[in-house]
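Asker: Per TrEMBL, domain 'C2H2-type' is recorded for 16-43, 44-71, 72-99, 100-127, 128-155, 156-183, 184-211, 212-244, 245-272, 273-303.
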C-alpha cells in the first residue's frame with residue numbers, strides 16, 4: 001500500500017500514493033494521515049471531553065474551545081476567533097472582497113480553497129471514497145460528514161437546548177437563531193440573515209436566478225434543498241434496480257452482495273481480521289493493513305531517529 005510511485009524523475013517529491021483515490025504524498029506519514037480519513041479513524045482524543053480527531057492539529061485547535069481562547073475579533077460584528085487567518089477570512093464577508101475567480105463560469109470566491117472546491121463541480125471528479133459503502137465525494141469534508149452517517153456521531157451540541165449537529169456550520173447557524181444574531185445583510189433590500197447562505201438564497205428572489213439544474217429532466221431550482229429533494233424522486237425510481245441487496249437492520253441498499261456482507265459487520269460488531277503483534281482486531285482487511293503499515297512506520301522512525 002505504501003509502495004513508491006514509478007516516475008520519470010528520480011527526485012520526485014511525491015512518492016506515496018493512496019490506493020483508494022490516487023492522491024499522492026511526499027512522505028509515508030502524510031499518506032497514513034490521509035488514509036485515516038477514508039477509514040474514519042480518529043486516534044487523537046481530547047483529554048477534557050473525549051472528542052476524537054483524525055489530525056493532531058485539529059485536536060490542538062479544538063482544545064481552544066475549552067480554554068475559550070479567542071484573541072482575534074471582528075471590528076464590525078465583534079465575532080471572535082481563535083486563529084488570525086479565520087478572522088481575516090471572516091472580514092472578507094463584510095468587505096465583499098472575492099479575489100478568487102473561476103475561469104469557467106466567472107463565479108468569484110472569498111477563499112482560494114472555495115474556488116478549488118468549486119472547480120470540481122465542472123470536472124465532475126470525486127476523489128474521496130467511503131471505505132464502508134463505496135460512495136464517492138468531491139471534497140474530503142463531504143466524506144467526513146458522510147462517515148458520521150455510519151457512526152451516528154454528532155460532535156456539536158448546543159449548550160442552550162441540547163440539540164446536536166454533525167456539521168459545525170449547522171451548529172453555528174442554530175446558535176445564531178437562539179441569540180437572534182443576524183450579521184449578514186442583503187444589499188438590495190437591507191433584510192438581515194443568520195448566515196451567508198441565507199443571504200445568497202434570499203438574493204435569488206430579487207434576481208430570479210435558479211442555479212440548480214436537474215440533469216435528468218432539466219428542471220431548475222432556486223434552493224439546493226429543493227433541488228436535492230427533487231433529485232431523490234428520480235433516484236428512488238431506479239434505486240431498487242441499481243442496488244438490489246438490502247440490509248435488514250438499517251435498510252441501506254448495495255449494488256453487490258459482498259458490499260452488503262461487509263456492511264452487515266458494522267451491525268454485528270464482527271472483526272475477523274486480527275493483528276499478529278497485538279490484540280487489536282478490524283472489521284475490514286484494509287483496516288488491518290493500515291494498522292500494520294502504521295506500526296512499521298513508527299518502528300522505522302524509532303530505528304532511524
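Any Cβ shown, glycine's included, is placed from N, Cα and C.
Remember, it's a predicted structure, so these values are computed and weren't measured experimentally.
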Asker: By DSSP, what is the split of the domain 'C2H2-type' (245-272) into helix, strand and coil residues?
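Answerer: Grouping H, G, I as helix and E, B as strand yields 12 helix, 4 strand, 12 coil.
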Asker: With pairs restricted to those 6 or more apart in sequence, evaluate whether the domain 'C2H2-type' (245-272) and the domain 'C2H2-type' (156-183) have 3+ C-beta pairs under 8 Å.
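Answerer: Stretch pair does not touch.
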Asker: Residues of the same chain, at least six outside the domain 'C2H2-type' (128-155), with any C-beta under 8 angstroms of its C-beta?
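Answerer: Hits for the domain 'C2H2-type' (128-155): 20-21, 37-40, 51, 54, 117, 120-121, 164-168, 252, 254, 259, 262-263, 266, 284, 286.
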Asker: Taking DSSP states H, G and I as helix and E and B as strand, how many residues of the domain 'C2H2-type' (128-155) are helix, strand and coil?
Answerer: 12 helix, 4 strand, 12 coil
Asker: Could you tell me how many residues in the domain 'C2H2-type' (184-211) are helical, how many are strand and how many are coil under DSSP?
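Answerer: Helix, strand and coil residues of the domain 'C2H2-type' (184-211) number 12 helix, 4 strand, 12 coil.
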Asker: What else in the chain is close to the domain 'C2H2-type' (100-127), if you only count residues 6 or more beyond its ends and a Cβ gap under 8 Å?
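Answerer: Counting only partners 6 or more residues beyond its ends, the domain 'C2H2-type' (100-127) has Cβ contacts under 8 Å with 21-23, 89, 92-93, 136-139.
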Asker: For the domain 'C2H2-type' (100-127), give the DSSP counts of helix residues, strand residues and coil residues.
Answerer: 12 helix, 4 strand, 12 coil
